[in-house]
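Undergrad: Quick paste of what Swiss-Prot says about this protein:
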type: BINDING; residues: Gly10, Ala11, Gly12, Leu13, Ala14, Gly15; note: FAD binding site
Amino acid sequence: MSQSYINVIGAGLAGSEAAYQIAKRGIPVKLYEMRGVKSTPQHKTDNFAELVCSNSFRGDSLTNAVGLLKEEMRRLDSIIMRNGEAHRVPAGGAMAVDREGYSEAVTEEIHKHPLIEVIRDEITDIPGDAITVIATGPLTSDSLAAKIHELNGGDGFYFYDAAAPIVDKNTIDMNKVYLKSRYDKGEAAYLNCPMTKEEFMAFHEALTTAEEAPLNSFEKEKYFEGCMPIEVMAKRGIKTMLYGPMKPVGLEYPEDYKGPRDGEFKTPYAVVQLRQDNAAGSLYNIVGFQTHLKWGEQKRVFQMIPGLENAEFVRYGVMHRNSYMDSPNLLDQTFATRKNPNLFFAGQMTGVEGYVESAASGLVAGINAARRFNGESEVVFPQTTAIGALPHYITHTDSKHFQPMNVNFGIIKELEGPRIRDKKERYEAIATRALKDLEKFLNY
């Protein structure tokens, strides 16, 4: 390798983690960060790995998927986790940090590392054939975004404003739903939740009066330009929903349907459709239900949908400005691009959602960029681990319906043998297996 260093563009959570992982393997890094030269509407400081909104890294228990991911990252010597631990603040069962102390500590450690050169400058182009990790975040500057768009052949770098909730299939009451595609076109691909007129009217009332989450000031314009939230549709009138995402036409009841219906009508008054969200078929998203309701309100209102009364939401709907790639078509599980194995991406632009997930993607991308620099084969972590399941999901899910994803137990490879019915025990078993498999993988 004639190259004497690796470029890392962006010093957020993913970029800081990637730079550290590369440097700890004895490879020089040029870390570029435009803050200090050009500011963004979200950031308040020029520090690295700044937490823009919440100061929480979410749940810390191993019965929580993000808790498992954090533990795996600790075992992989994550700079983000280590400094987060050093600046924890009380937060019950969650891991929250003193955001300023934490980001200052990450910044100081990066600056002091003898193999990391920090360059405060805006990068407007992708460096040739040099090994590079791009981790410029959800609001990549327009100039670099255009170059990434070109790199993808005009495809795969999108702005998104919404994501619909995702539920665990095992928590859906299958006695109240039926499998069917509209007009029976193709194979039956949707789970349909039928509503009577009475059920729909109660649902509509709940939706129009539910409390929305506050928007950050820098999100407002994009919010109104983007996809229409389901609660906004509801406020525009009943017909907006009945001719939109809850359209019942072509979704007649099956002959053996025994649930409630309006008289002898063969078609429900309204239908909520659920679409398979992962290859394993363990997750389903609520089609067309992008939303900005508060999470508690989402649970209350969406559990009014027949079949979802006891549904477990592995991801709630979100509404904010973001940019992300068509990772299923563009990236390998190593976070390298398929067209150019010297070019890696990390962070939210790859379709991972959340602070911890972004840092985890930087960790994997950094390790693999370093291995490529050294002429070694890249590593793919086991799908039984959280840090292996996340890149597998974003690179193997259906590209047409791909949306950013938090880590959750639904994307981790299922346990072998009979299903453990107790959820806590099941998650504990998944976590125990994950940490054992990670240890074996690292010692292989």
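Placement of Cβ uses the backbone N, Cα and C atoms for every residue, glycine included.
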Undergrad: Compile a sequence-ordered list of residues in the same chain as Ala11 (FAD binding site), six or more apart from it, whose Cβ lies below 8 A from its Cβ; state 'none' when nothing qualifies.
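TA: Within the chain, Ala11 (FAD binding site) has Cβ neighbours under 8 Å at Ala19, Leu31, Tyr32, Glu33, Arg35, Phe48, Ala49, Ile110, Val118.
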Undergrad: Neighbour count, 10 Å Cβ-Cβ cut-off, for Gly15 (FAD binding site): what number do you get?
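TA: If we count other Cβ atoms within 10 Å of Gly15 (FAD binding site), we arrive at 30.
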Undergrad: Show, in sequence order, which residues other than Gly10, Ala11, Gly12, Leu13, Ala14, Gly15 on the same chain lie with their Cβ within 8 Å of the centre of the Cβ atoms of the FAD site.
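TA: Other same-chain residues with Cβ inside the cutoff are Val8, Ser16, Glu17, Ala18, Phe48, Ala49, Ala135, Thr136, Gly137, Ala346, Gly347, Ser358, Gly362.
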Undergrad: If you skip the near sequence neighbours and keep only those at least six away, which residues in the chain come within under 8 angstroms of Gly12 (FAD binding site), Cβ to Cβ?
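TA: Correct list: Phe48, Ala49, Glu50, Ala135, Thr136, Gly137, Gly347, Ser358.
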Undergrad: Sort out the sequence-distant neighbours of Leu13 (FAD binding site) for me: same chain, 6+ apart, CB within less than 8 Å of its CB, listed by position.
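TA: Counting only residues 6 or more apart in sequence, the Cβ neighbours of Leu13 (FAD binding site) under 8 Å are Ala49, Ile80, Gly347, Tyr355, Ser358, Ala359, Gly362.
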Undergrad: What number of additional C-beta atoms lies within 10 angstroms of the C-beta atom of Gly10 (FAD binding site)?
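TA: Taking every protein chain into account, the count is 28.
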Undergrad: Taking only same-chain residues 6+ apart in sequence, whose CB is under 8 Å from that of Ala14 (FAD binding site), what do you get?
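TA: Listed in sequence order: Ala135, Gly137, Ala346, Gly347, Gln348, Ser358, Ala359, Ser361, Gly362, Ala365.
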